[in-house]
Amino acid sequence: MAHVEPYEPRYEPGPDELRILYRKEAQAKRRTEARPGLWMAVAIYLLFSATDLLLIPDVAAYTIVARFAVGITALLTLEEQLRRGAATEWLDVTCAGAIIFGYIGWLCPAFMGANRESVAYYMVFGTIFMMSANLFFTLSFKLSIITSTIILCILYIVNYLVPATLTYKLVFGTFYISCFTFTSYVNWKLNGERYNVFLNALEAKIQHNEATERGKALLRLSRTDPLTGLENRRAIDEKLRDCWSDWQRLGNRFAAILIDVDFFKKFNDCYGHQEGDRCLIQVANALSDLVRQYDGSIGRYGGEEFIVLARMDKKDQVADLAEAIRRTVESLALPHELRRDGISIVTASVGAAFTRAQAGAKLEKIIHEADRALYLAKAGGRNCARLFDPTDPQSSDESENIAALLKIAIGQNLVSLVYQPIQDVASGKVEAVEALMRLKMLDGTLVPPSLFIPVAERTGAILELGRWAIRTVCAELLADDHIRVVSVNVSPIQLKTPGFATSVASILGETGVAGSRLAFEITEGLEMEMHSDVLRCINDLKVLGIKIWLDDFGTGFAGLSWLRLIDFDTVKIDRSFLHDCGTSRGMAMLQDIIALVRNRGHKILVEGVETDEQMALMRDFGIDKVQGYRVGRPAPAASFQAKRAIQKRPFTVLKSA
Ligand code: C2E
Ligand code: MG
Ligand code: MG
């Protein structure tokens with residue numbers, strides 16, 4: 001199983017770790033703020049030279065020199081520290097030192113002046129240094145308290161020394177101490193707030209990261225197939241669009257390859273769904289290893305279907321990759337015992353398409369072509385790789401047109417049924433007819449069933465057409481008792497579709513026809529897999545009274561195993577055996593087949609009886625029923641309705657009389 005972690009579980013740092021984190025972050029902040037802070041502080045400090053000139057003009061020269069000396073020294077020290085990458089603590093010490101020396105450097109010369117009184121007033125500005133230490137610079141709490149305490153002490157010393165009244169000293173002393181207390185308190189609060197802001201920001205960051213991670217995980221989940229871990233259809237469709245637009249814009253050619261695990265439903269039926277899942281995972285892993293070598297992408301396209309997209313330059317490379325894919329699955333040698341084609345391991349059918357220049361090309365086209373190739377690979381007996389060939393009639397645009405035509409056939413009355421009589425050899429009477437479908441194009445040209453039936457099967461149109469045929473047969477011939485039994489050709493696709501038997505039962509109910517009046521002819525065609533659903537459906541149909549006939553016996557691969565599995569009422573021997581009767585070998589072959597079918601207890605119908613000689617031969621062989629141009633060609637319902645009407649007329653007249 002592919003494990004897609006939704007996102008990393010939330011990481012909760014402890015209090016100590018948080019402190020360390022905070023300190024780190026605060027340091028980073030202080031580092032960036034130290035330089036502009038100190039430059040600004042020094043600038044203001046120097047501007048105060050003006051007040052020196054005004055208030056203490058006699059010593060202003062000294063104070064100004066001191067200001068410049070301290071300011072420039074502080075800035076140079078800081079710049080040098082920054083250049084050397086000194087620790088943040090040392091930057092702080094420089095700032096703190098700048099505050100203290102700035103204060104001393106200004107106060108000492110000022111104190112030397114004549115006018116001590118104005119110094120006494122002037123020193124009030126000392127509180128600004130205290131504020132700088134506590135509020136302006138973001139020094140650590142300890143350092144700012146030490147700095148502001150030193151300033152406070154100097155203030156007290158100076159306060160003691162200045163010639164002033166006691167009231168003055170008391171007032172200013174109180175002022176200094178309250179200033180110290182308040183600014184220290186605010187500093188302490190600020191530090192607490194800063195820590196809270198840090199916590200909130202951290203929480204927001206964690207939440208943001210979580211949301212981003214969750215978003216990414218969801219995106220990953222929405223693009224991943226949970227079973228195999230490959231990309232899912234949605235993701236691969238996007239890749240396909242990218243490949244397509246690269247091809248359109250830049251001419252980069254690419255291949256689309258569809259891979260279908262052969263008889264996978266049978267595998268599930270036989271080994272169970274868990275084994276089925278395991279099989280798909282193994283196939284997916286092997287293929288993704290292979291595709292990686294080709295720098296391609298692989299995705300799960302549906303139940304047992306995978307898709308590979310790979311940029312390639314030449315058709316040969318595409319064919320090689322398709323074959324390599326087939327071989328990879330085969331070489332896994334996963335046992336698959338119950339398939340009926342002689343192989344006992346899991347294999348895959350591969351259909352590949354390569355970009356090719358064509359007018360009005362659409363993105364879906366390449367997938368459609370790969371799908372066609374896949375269909376042909378399956379038809380070719382599976383476990384094979386096919387490259388789409390536009391010149392192949394099965395792939396031609398004609399079948400494209402037919403597919404489109406089939407969609408509108410019923411609504412536009414383009415489809416009809418003709419009936420071919422089936423004669424009972426012993427009585428010589430027409431006991432039944434076979435319903436054969438006819439399709440005409442919009443211009444009235446007939447399309448042979450050999451062309452449109454395979455297309456209808458491939459596109460699934462056969463489901464609706466099949467229901468339509470059964471309903472029409474019941475309404476046209478059976479409801480009015482024109483014919484006793486009508487056989488209808490039914491494709492294995494219909495039998496495989498859930499609800500088919502139910503839909504037949506409801507048609508019988510609607511038309512009031514007994515099931516025993518219908519026979520379903522099954523041909524062993526491409527879909528030779530005798531799926532358990534098919535067997536169940538056949539049983540349900542039998543319960544309805546419908547007879548099951550085997551059509552074209554001897555032409556397919558699975559005829560004999562079908563004979564073993566299903567109790568057919570009648571087996572129709574393919575006309576090719578009768579037509580080969582000209583040679584003694586052919587004659588012996590026909591006799592052998594007849595003996596085989598007879599020994600199994602089925603009634604025998606021989607198809608394609610065209611001549612009197614063939615008819616006589618059938619009598620000699622004791623065949624039950626015959627069908628062919630000698631008995632009658634397929635004809636519209638009207639001709640059978642008319643015959644019955646003639647037979648019925650005396651009765652009708654009597655009745656009306
Ligand atoms: P099929 O069921 O074996 O039908 C018999 C085919 O042999 C018919 O061809 C019929 O016209 C032809 N045939 C009958 N008697 C003779 C004869 O004496 N000599 C020769 N040479 N041919 C004869 P058709 O109508 O072209 O049908 C071809 C096939 O198409 C059918 O083979 C059947 O497999 C399929 N088909 C026809 N209608 C339906 C339908 O409604 N549903 C499905 N699923 N398949 C159908
Ligand atoms: Mg038939
Ligand atoms: Mg037939």
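FYI, residue positions are counted from 1 along the chain as it appears here.
Backbone N, Cα and C define each Cβ position, glycine as well.
The annotation transmembrane segment is assigned in TrEMBL to 37-55 (among others).
When Cβ-Cβ distances below 8 Å are used as the criterion, the transmembrane segment (90-113) is approached by residues 30-31, 34, 37-38, 41-42, 45, 48, 52, 56, 58-59, 62-63, 65-67, 69-71, 73-74, 77-78, 81-82, 119, 122-123, 126, 129, 132-133, 137, 139-140, 143-144, 146-147, 150-151, 154, 158, 161 of the same chain, each at least six residues removed from its ends. Residues or ranges marked as transmembrane segment by TrEMBL: 90-113 (among others).
Annotated transmembrane segment per TrEMBL: 119-137 (among others), in sequence order.
Within the same chain, residues 96, 99-100, 103-104, 107, 111, 116-117, 119-120, 123, 126-127, 129-130, 133-134, 137, 169, 172-173, 176-177, 180, 183-184, 187 sit at least 6 positions outside the transmembrane segment (144-162) and bring their C-beta atoms closer than 8 Å to a C-beta of that stretch. Annotated transmembrane segment per TrEMBL: 144-162 (among others), in sequence order.
Same-chain neighbours of the transmembrane segment (168-188): 120, 124, 126-127, 130-131, 133-135, 141, 144-145, 148-149, 152, 155-156, 159-160, 162, counting only residues six or more beyond its ends whose CB sits under 8 Å from a CB of the stretch. Summarising the annotation, TrEMBL assigns transmembrane segment to 168-188 (among others).
Note on the domain 'GGDEF' (252-390): DSSP counts are 64 helix, 33 strand, 42 coil. Annotated domain 'GGDEF' per TrEMBL: 252-390, in sequence order.
The domain 'EAL' annotation in TrEMBL covers 399-648. The average pLDDT computed over the domain 'EAL' (399-648) stands at 89.
Long-range contacts of the transmembrane segment (119-137) within the same chain: residues 33-34, 37-38, 41, 48, 51, 55-56, 92, 95-96, 99-100, 102-103, 107, 110-111, 113, 144-145, 147-148, 151-152, 154-155, 158-159, 162-164, 168, 172, 175-176, 179-180, 183-184, 186-187, 190, each at least 6 residues beyond the stretch ends and with a Cβ under 8 Å from a Cβ of the stretch.
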